[in-house]
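The block underneath contains the structure these notes are about, expressed in structure tokens.
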Amino acid sequence: MAIGAAANGAPLPVTSAATRGSKMAASAAMERLRYVLVLLVLLPGTDSFYVPGVAPINFHRNDPVEIKAVKLTSSRTQLPYEYYSLPFCQPSQITYKAENLGEVLRGDRIVNTPFQVSMNVEKKCEVLCNFPNKPVVLTVEQSKLIAERIREDYYVHLIADNLPVATRLEFYSNREEEEKKKEKDVQFEHGYRLGFMDGNKFYLHNHLSFILYYHREDVEESQEHTYRVVRFEVIPQSIKLEDLKADEKSMCTLPEATGSAPQEIDPTKENQLLFTYSVHWEESDIKWASRWDTYLTMSDVQIHWFSIINSVVVVFFLSGILSMIIIRTLRKDIANYNKEDDIEDTMEESGWKLVHGDVFRPPQYPMILSSLLGSGIQLFCMILIVIFVAMLGMLSPSSRGALMTTACFLFMFMGVFGGFFAGRLYRTLKGHRWKKGAFCTATLYPGVVFGICFVLNCFIWGKHSSGAVPFPTMVALLCMWFGISLPLVYLGYYFGFRKQPYDNPVRTNQIPRQIPEQRWYMNKFVGILMAGILPFGAMFIELFFIFSAIWENQFYYLFGFLFLVFIILVVSCSQISIVMVYFQLCAEDYRWWWRTFLVSGGSAFYVLIYAVFYFVNKLDIVEFIPSLLYFGYTALMVLSFWLLTGTIGFYAAYMFVRKIYAAVKID
């Protein structure tokens with residue numbers, strides 16, 4: 001704002017406060033500032049600000065538009081493969097794009113292809129491999145591999161100008177007969193199917209009709225028109241070799257739609273075929289900024305809003321009831337406990353005040369508890385920042401792998417907060433070996449995650465899938481863990497351990513009190529089942545969309561919804577945890593530390609049950625390794641979710657316990 005004011009001739013704040021002796025220097029600075037502003041105005045392309053890597057590319061007519069391949073995916077096998085794992089036509093020189101951490105972990109292997117596409121230049125039909133009279137011969141091994149990938153329902157993913165290819169699906173919805181004739185519903189499928197099966201026969205999509213949409217940019221009359229790619233569609237077709245008439249110039253003629261036979265792939269013998277493609281350009285009103293809307297629009301946004309409103313109403317209704325009951329009961333308890341009557345001496349104490357001398361007694365294994373809670377704080381900070389930043393639109397799907405890369409680095413850097421909270425809690429629980437505690441915090445949860453991922457990765461390596469994390473990436477992740485996360489956890493732990501421990505309002509007795517026999521409903525497992533219902537009910541509809549994004553290769557970009565759900569989850573976990581710890585203390589059971597952590601994470605048990613239900617009902621996975629991958633990664637998700645919700649519940653309960661015992665008079 002100050003620069004703008006200077007450019008318009010208004011005095012800068014510094015100039016107005018300048019002394020008489022420095023006015024000449026200020027005016028010289030103003031002159032230099034004007035020159036800089038003039039240069040900035042004259043520089044081309046400085047009229048907009050874009051996030052690095054996602055700035056629009058302007059094309060002129062006949063400029064090459066590069067088509068790249070990303071990978072092959074299937075929701076049936078969950079194993080991505082790189083594009084040239086199948087015998088597609090290859091360019092003279094294969095070049096792989098340098099990838100970020102997120103892309104490598106997702107199994108993306110972006111590579112160039114021989115498709116020759118130029119801006120706003122039509123192509124009727126062209127042979128892809130430059131042998132029009134000499135078709136591609138697939139060996140028996142290659143034919144078997146293609147047939148197997150078709151049976152496993154693989155999709156091919158290409159990109160043009162960083163925009164993924166989509167297949168248009170048109171169908172009539174359940175409307176009235178008259179409306180059916182007028183309007184079709186359009187949905188888009190990510191990528192295109194490698195082929196299809198008819199009975200026991202396999203057919204390969206060997207002809208691709210690319211439909212690219214461009215937006216013509218407004219320019220001055222003297223300048224040449226510039227274009228931007230705003231949509232990339234494909235219509236895959238299977239056309240028999242005999243029906244594709246190719247000439248010496250690699251041009252070909254497509255047969256009539258009615259009279260053509262599909263290209264069969266017989267896995268028992270060699271197969272001959274031609275790979276061909278055509279290019280069609282269409283002008284579009286869609287602007288470059290809105291070009292991802294096609295991929296991100298969801299037909300069920302209403303379901304989302306319904307689920308969010310439903311969750312909010314349920315959670316706040318229950319919150320109101322719980323808060324009212326707890327506050328009224330507590331006020332009554334505290335009023336009774338604080339009465340200074342003669343009768344009080346004769347009456348026997350009962351309820352939660354009775355355990356005041358034991359409620360802050362350190363639990364068993366304080367180091368492991370504080371380490372798990374430290375990892376929970378790390379996860380909480382990482383998830384909160386990632387969802388918030390993504391909600392602001394900074395982690396767009398156009399910057400591939402950005403979400404996963406950001407999450408990995410944030411988890412490393414949040415180690416300082418995890419270490420601080422773990423160290424302070426460990427000191428409060430009368431722990432002394434802070435170095436061992438810091439090492440435990442830095443390695444316990446990440447070690448389990450790394451171990452499970454390494455075992456799963458060995459299976460993926462055995463399948464030669466691009467989803468396998470390469471060895472150099474694994475070494476880089478280990479270096480990040482021990483070079484960034486570990487020192488930061490130690491740093492946070494050191495300061496947390498040196499800080500004053502949490503101030504507990506009552507002293508702990510030397511001799512522990514005997515715990516009376518508990519009712520059946522105070523059992524740990526019953527507590528987990530009861531405590532998990534409310535948080536899970538608040539988020540299970542969102543869970544369906546997250547699972548679809550992970551396991552069915554869908555785009556997930558509803559971070560606004562997710563942020564709301566996350567807030568609801570935090571509120572509901574805190575409330576349930578407070579209620580459960582209150583009941584436990586009223587039953588004169590003071591062993592609440594571990595129990596609160598376990599019970600607050602009860603919704604993770606329901607997430608596990610939902611994951612099994614989703615596997616059985618929604619996914620068509622039958623093989624061993626895909627099933628192992630699904631349950632391996634689901635176990636990691638459930639573990640992380642348990643740590644997250646357990647940590648939220650634990651700190652809510654700890655604050656509650658300290659508050660209520662500070663409010664009563666203890667002799």
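Using the three backbone atoms N, Cα and C, a Cβ is placed for every residue, glycine included.
What TrEMBL says about a protein is an automatic prediction, not a curated fact.
Annotated features, as they stand in TrEMBL:
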- 305-327: transmembrane segment (TRANSMEM)
- 371-395: transmembrane segment (TRANSMEM)
- 401-426: transmembrane segment (TRANSMEM)
- 438-462: transmembrane segment (TRANSMEM)
- 474-497: transmembrane segment (TRANSMEM)
- 525-551: transmembrane segment (TRANSMEM)
- 557-585: transmembrane segment (TRANSMEM)
- 597-616: transmembrane segment (TRANSMEM)
- 628-657: transmembrane segment (TRANSMEM)
Recorded stretches the transmembrane segment (597-616) and the transmembrane segment (525-551) touching, at least 3 CB pairs under 8 Å: yes
For the transmembrane segment (628-657), distant same-chain residues with Cβ under 8 A (at least six beyond the ends): 78-79, 359-360, 372-373, 375-377, 379-380, 383, 445, 448-449, 452-453, 455-456, 459-460, 502, 531, 535, 550-551, 569-570, 573-578, 580-582, 585, 592-593, 596-604, 607-608, 611, 615, 619, 621
Touch test for the transmembrane segment (557-585) and the transmembrane segment (401-426), at least 3 Cβ pairs under 8 Å: no
Candidates 438-462, 474-497, 525-551; stretch with most C-beta pairs under 8 Å toward the transmembrane segment (305-327): 525-551
Same-chain residues near the transmembrane segment (438-462), Cβ under 8 Å, at least 6 residues beyond its ends: 79, 367-368, 370-372, 374-375, 378, 415, 418-419, 422-423, 468-469, 474, 477-478, 481, 485-486, 489-490, 493-494, 625, 628-629, 632-633, 635-636, 639-640, 643
Stretch-level contact, the transmembrane segment (474-497) and the transmembrane segment (525-551), CB cutoff 8 A, at least 3 pairs: no
